[in-house]
Amino acid sequence: MGVVENRKILPEKKLGGWRAITFILGNETLEKLGSIGVSANFMLYLRNVFHMEPVEAFNVYYLWMGLTNFAPLLGALISDAYIGRFKTIAYASLFSILGLMTVTLTACLPQLHPPPCNNPHPDECDDPNKLQLGILFLGLGFLSIGSGGIRPCSIPFGVDQFDQRTEQGLKGVASFFNWYYLTLTMVLIFSHTVVVYLQTVSWVIGFSIPTSLMACAVVLFFVGMRFYVYVKPEGSVFSGIARVIVAARKKRDLKISLVDDGTEEYYEPPVKPGVLSKLPLTDQFKFLDKAAVILDGDLTSEGVPANKWRLCSIQEVEEVKCLIRVVPVWSAGIISIVAMTTQATFMVFQATKMDRHMGPHFEIPAASITVISYITIGIWVPIYEHLLVPFLWRMRKFRVTLLQRMGIGIVFAILSMFTAGFVEGVRRTRATEMTQMSVFWLALPLILMGLCESFNFIGLIEFFNSQFPEHMRSIANSLFPLSFAAANYLSSLLVTTVHKVSGTKDHPDWLNKDLDRGKLDYFYYLIAVLGVVNLVYFWYCAHRYQYKAGSQIEDFNEEKSLLDIEPNQRHDQSPS
């Protein structure tokens with residue numbers, strides 16, 4: 001989508017403003033309560049109800065999560081190019097409610113799950129049959145389709161309700177973001193505490209409540225229809241990227257100078273109305289510049305391209321370069337997500353082996369232990385933004401840049417995995433001595449992982465949004481879930497490989513179904529070592545990164561390291 005000035009709003013419609021946002025935020029909050037409420041404890045559902053081994057349950061869960069995080073890229077394409085954001089959210093919401101109903105039925109109907117088993121080892125119980133697995137996977141597929149439509153469109157659809165040409169509209173957008181992330185944090189905490197607790201009491205109740213909330217979300221979304229602003233689709237930026245690549249390939253035999261000396265004539269029309277960033281021609285990825293070189297027959301008598309798949313503007317070429325430059329930094333964030341998702345998953349199994357009592361009458365649900373990370377984020381982010389950043393600026397005239405924040409987050413991920421390995425080693429030793437370890441020992445790695453998310457993931461989102469032109473923000477907002485998709489698939493591959501190669505006839509594998517016989521701490525150490533290698537790779541990418549021309553954030557060039565940044569080069573950067 002283009003920026004506001006290019007929006008094609010139906011003339012009889014007024015800007016929705018906060019009347020519309022009330023329905024959009026209500027829908028988004030209830031939808032997330034439904035989807036997260038099911039996924040938060042789903043590993044234990046696969047383990048205890050469908051009797052899957054830990055590795056099998058891990059693979060099913062993360063293959064589903066990978067599909068769920070990849071789907072928003074397709075959802076953004078369909079929304080921008082074909083049906084618009086409202087219809088995308090509407091259709092996706094129906095798929096989400098259908099998916100939740102299907103998963104709930106697998107818990108309600110005895111024909112749709114294996115018979116209950118009181119054996120303390122679920123792997124010795126009856127396996128699910130093909131029909132039961134098929135119904136379960138069908139429900140998960142519906143949920144992935146729903147997430148693919150809702151995630152990439154909910155924030156842009158909310159922004160559409162404000163006129164950003166006015167000061168009031170800009171303030172409304174800023175306030176909308178604050179409310180959006182506040183409600184998301186509340187949903188995460190509620191889902192990992194109240195909903196998870198209800199699921200320990202009854203899976204039927206624990207799944208029925210998220211399903212009911214999702215149904216309320218769908219109703220609320222349609223009730224607000226008369227208040228919404230509807231922006232027509234104007235075509236996807238993906239087609240522009242494809243045109244640049246095709247045009248450059250068609251002119252691959254063209255010889256151009258490495259330095260712009262005026263011998264080539266480039267196509268540089270006036271930028272479209274409302275485009276705030278006019279990108280100059282850069283000296284990176286010169287092979288793409290061929291797409292903008294004007295040859296005989298490329299222009300019509302009116303001065304426009306005769307074939308848009310043969311001639312592109314400098315602006316279009318530079319937009320593709322922005323994407324190419326970001327990819328290495330994007331890839332460096334995947335290992336940290338692998339660490340986070342792997343730790344959160346296996347810690348649920350660890351918690352089942354530990355003392356979870358708070359007082360004589362209450363036992364903490366195993367899946368609720370991960371809420372410590374969210375609490376850490378909620379405490380640390382305000383401290384960082386309102387205390388630490390102003391303090392560093394007053395004392396040293398120093399601000400932590402986005403890439404530095406991401407690097408610090410990677411370090412915290414490494415420390416978290418080393419700490420998790422140490423805690424698991426102590427837990428397993430005590431288990432052999434027939435003594436249980438308090439579950440609150442897991443708070444140490446979870447707090448460190450919460451700090452990783454506060455630095456790395458928030459910095460990554462800001463980085464993506466600062467390094468793309470305005471109308472490419474849909475790509476920027478798709479890259480983050482796409483990194484989770486890549487991490488989910490990599491996690492599944494890593495777990496499967498370690499499970500197969502780490503065991504022998506005389507020694508169980510590291511990820512044995514019985515944690516007391518396995519070596520989960522070794523697996524944590526392996527991911528920590530991968531994190532160290534990834535930190536070196538990230539430093540190299542950050543060291544060589546060239547910021548988008550005109551960007552106010554220029555904290556790296558080929559002669560500056562991760563920590564060697566002069567304050568006067570950051571004076572225009574807002575605290576982050």
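Glycine residues also receive a Cβ, built from the backbone N, Cα and C atoms like all the rest.
Record features (Swiss-Prot):
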TRANSMEM  58-78  transmembrane segment
TRANSMEM  89-109  transmembrane segment
TRANSMEM  130-150  transmembrane segment
TRANSMEM  176-196  transmembrane segment
TRANSMEM  203-223  transmembrane segment
TRANSMEM  329-349  transmembrane segment
TRANSMEM  364-384  transmembrane segment
TRANSMEM  406-426  transmembrane segment
TRANSMEM  441-461  transmembrane segment
TRANSMEM  475-495  transmembrane segment
TRANSMEM  522-542  transmembrane segment
| task | State the non-local partners of the transmembrane segment (176-196) in its own chain: residues 6+ outside its ends, Cβ under 8 Å from one of its Cβ atoms. | result | 21, 25, 28-29, 32-33, 36-37, 40-41, 155, 158-159, 161-162, 206, 209-210, 365, 367-368, 370-371, 374-375, 377-378
| the transmembrane segment (406-426) vs the transmembrane segment (475-495): three or more C-beta pairs under 8 Å (separation of 6 or more)? | no
| Contacting positions for the transmembrane segment (522-542) when only residues 6+ beyond its ends and CB under 8 Å are counted | 328-329, 332, 335-336, 338-339, 342-343, 346, 403, 406-407, 410-411, 413-414, 417-418, 420-421, 424, 494, 498, 502, 510-511, 556, 561-562
| query | Is the number of Cβ-Cβ pairs under 8 Å between the transmembrane segment (441-461) and the transmembrane segment (329-349) three or more, considering only pairs separated by 6 or more positions? | reply | yes
| Recorded stretches the transmembrane segment (329-349) and the transmembrane segment (89-109) touching, at least 3 CB pairs under 8 Å | no
| Per Cβ pairs under 8 Å, the stretch of 89-109, 130-150, 364-384, 475-495 packing most closely against the transmembrane segment (58-78) | 475-495
| remark: Within the same chain, the residues 6 or more beyond the ends of the transmembrane segment (364-384) and with Cβ under 8 Å of it are 40-41, 43-44, 185, 188-189, 192-193, 196-197, 199-200, 344, 347-349, 351-352, 356-358, 439, 442-443, 446-447, 449-451, 453-454, 458
| message | How about long-range neighbours of the transmembrane segment (130-150): same chain, 6 or more residues beyond its ends, C-beta under 8 Å? | response | 28, 31, 35, 38, 50, 64, 67-68, 70-72, 74-75, 78-79, 88-89, 91-103, 105-106, 111-114
